[in-house]
Ligand code: PSU
Ligand code: MN
């Protein structure tokens, strides 16, 4: 049934069949999260970092209605060039993109779904979606959080961006039973900066400890994902006050323009990159590299 829709790249399929480590990667970060050509350069380098650390990368998207787990470099280039023309695809969108036979860039939520279909347990990205600022009024809560509640994949990210309400995002994850692990940190990283004022649920200091927690959780059929929050490397973090101001201005502009729904996150990401003249983009790229390495290390440990 599933095979009717799913194309697992041969290298990825061989690795999975042999129980070797594989790391899933999303594609909305390519199409909607970064501008061309940095998006494509980053996506390809991320795959290389995963290989250098002993795992096989599987970049995930929907192409002409086919669920792709593992893309070619040409496919990544195509998706990156198409950018915002590709439909941002979360859980609700998947059946329509497939039935129409069109292209879709997968968010954290839908990448988790496709990873689970293929049997991949570790996924690296930059930032997850969360509870947006003002969600008390707007109800804007990313479908990523609900997916983390239900789908058995570990997502390595750089914590929560302050385009989100970090405190409410943690409350939501707690209610949904999703553990938030700090990698070598006891405070939740805030994406561009290594720290926020919020604590994580557990600090773990090695990939082996994280792999052991994953195994325990899923051996006991405790459904759902795990968030691993990995602080941006010290040398690349931004000034907290500066970035918070940039984000506050971006949120105000979004509200005044009446932008909402699935357009919110891409608007805020683009605005922040534009205002900081690429300084935030450079930090974003570095933290994704850092997450790719940790995800590969976790996948290697989990495969032992
Ligand atoms: N945050 C980032 N970069 C991104 C995204 C979020 O720092 O590229 C993307 C991810 O694909 C994430 C999606 O799953 O935005 C969340 O969108 P929404 O808030 O509409 O659920
Ligand atoms: Mn949303």
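The backbone N, Cα and C atoms fix where each Cβ goes, glycine too.
108 is the only one of 69, 102, 108, 122 that TrEMBL places in the substrate site (with 88, 142, 143, 144).
In the three-state DSSP scheme, residue 88 (substrate binding site) falls into the strand class. Rounded to a whole number, the distance between the Cα atoms of residue 161 (active site, nucleophile) and residue 140 (Mn(2+) binding site) is 15 Å. The least crowded of the recorded positions 88, 161, judged by other CB atoms within 10 A of its own CB, is 88. With the fewest other C-beta atoms within 10 Å around its C-beta, 140 stands out among the recorded positions 26, 140, 144.
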